[in-house]
Amino acid sequence: MKRIFSGVQPTGALHLGNYLGAIRNFVDLQHEAEAIYCIVDLHAITVWQEPSALGPNTREVAAAYLAAGIDPKKSIIFNQSRVSAHAELAWIFNCVARIGWLNRMTQFKEKAGKHREQASAGLYIYPALMAADILAYKATHVPVGDDQKQHLEFARNTAQKFNYDYRGGDENGVFPLPEPIIMGAAARVMSLRDGSKKMSKSDTSDMTRINLSDDRDTIADKIKRARTDPDMLPGPDVLDESGDLPEHTRKSRPECFNLLGIYAALANESWREVLQRFEGQGFGGFKPQLAELAVEKLGPMGQEMTRLRNDPAEIDRILADGADRAAEIAQPVLKEAKQAVGFLLD
Ligand code: AMP
Ligand code: TRP
């Protein structure tokens, strides 16, 4: 059976990368299969979160899920810390996954930076908790941005090792091997100021990102001031035979292809369509059109988020209901895992 699981951290304002790389795909997928969308507060505290901000930030992600079009009756929306199966299964996975696997994780290296010794132990074992999130529901498909591919591979390896160690193989295994779903032209949205860095909540400059809560003027201004290069926009001849953008081409003009990719994703168009449309134009003509499109697509979502922000009780009710439904699925899976390990249970 197909089951979708994904998560977003409640660590601050959401941006266009979160929307195009992840949340927008959640909306479409809920029609294909049972879908569970988590707000991963346990993951958030792997780096310091102000306690008074964690609740509002959690509601903010819930508001974005709802405003984007996730239906809380059909899909499950909840915050991770409410369902204890995540932390319990994560402990078992800490004992299955190997230190060598963790040492290869590029996100830890990026986030810990030069101060590795000062990073929390949680930041280091973060991928085991992410594997637990997914596998506690025996989820088969995980929509994420490009940056999470390696963590998904870690979850697959963990599921596979658990199945071999405790059940002698995948055929009788407790866990399915989850597949990533990485979609479209904007699976990796880059900073508006530096096309080699991804758009991120943690960038100190707000001009690098478009927040889902930005108003029309702010969106237009950020696009107008986005970094570009002096050349004209390229045509579809830069694409390969299958219509994809080769990596070396993207890297040759990172800011240019980032803006074109954002346009393609927002307009639901292929690279070919977008390149045909803008071939030979300058950024002076292209940017206002991109700004108009972004305002048109993001504006209504921003308004709905504002409405929901004024109704926290409604969000809290949805999260509590989601947690009950999530726990009902996760508890029997956790029990199965505990039995496989050999723990004495009731
Ligand atoms: P996070 O905010 O790190 O919890 O990310 C939530 C989701 O958004 C994950 O699926 C990420 O892969 C995705 N995401 C974050 N930043 C970007 C980006 N710049 N481009 C595309 N997807 C992103
Ligand atoms: N690590 C993901 C991120 O930073 C968030 C996340 C936590 C997640 N658990 C997950 C994503 C499970 C997909 C599935 O973006």
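All positions are counted from 1 along the displayed chain.
Cβ atoms are placed via backbone N, Cα and C, with glycine included.
Unlike curated entries, TrEMBL annotations are predicted automatically.
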**OP:** From the ranges 10-18, 163-171, 217-225, 280-288, pick the one that TrEMBL records as motif ''HIGH' region'.
**Re:** 10-18
Original post:
Out of 78-82, 143-147, 198-202, 243-247, which range is noted as motif ''KMSKS' region' by TrEMBL?
Top reply: 198-202
Original post:
In TrEMBL, the residues Gln9, Pro10, Thr11, Gly17, Asn18, Gly145, Asp146, Asp147, Lys198, Met199, Ser200, Lys201, Ser202 are said to bind ATP. Which of Val174, Val189 is said to bind at that same site?
Top reply: Val189
**OP:** Select, from Val189, Met199, Lys201, each of the binding-site residues with a Cβ positioned under 6 A from at least one atom of ligand 2; if none does, say none.
**Re:** none
**OP:** Between the Cα atoms of Thr11 (ATP binding site) and Asp133 (L-tryptophan binding site), find the distance and write it as a whole number of Å.
**Re:** 18
**OP:** Quick one: of the binding-site residues Asn18, Asp133, Val189, Met199, flag those whose CB is under 6 Å from ligand 1, and say none if nothing qualifies.
**Re:** Asn18, Val189, Met199
Original post:
Rounded to a whole angstrom, what is the largest C-alpha distance between any two of the residues Gln9, Pro10, Thr11, Gly17, Asn18, Gly145, Asp146, Asp147, Val189, Lys198, Met199, Ser200, Lys201, Ser202 that the record assigns to ATP?
Top reply: 19
Subject >> Surrounding CB atoms that lie within 10 Å of the CB of Asp146 (ATP binding site), all protein chains >> reply: 16
**OP:** Measuring CB to CB from Lys201 (ATP binding site), give everything in the same chain under 8 Å that is also at least six residues away in sequence.
**Re:** Thr11, Gly12, Ala13, Leu14, His15, Asn18, Arg209
**OP:** Could you state the whole-number distance in Å separating the C-alpha atoms of Gln9 (ATP binding site) and Asp133 (L-tryptophan binding site)?
**Re:** 13
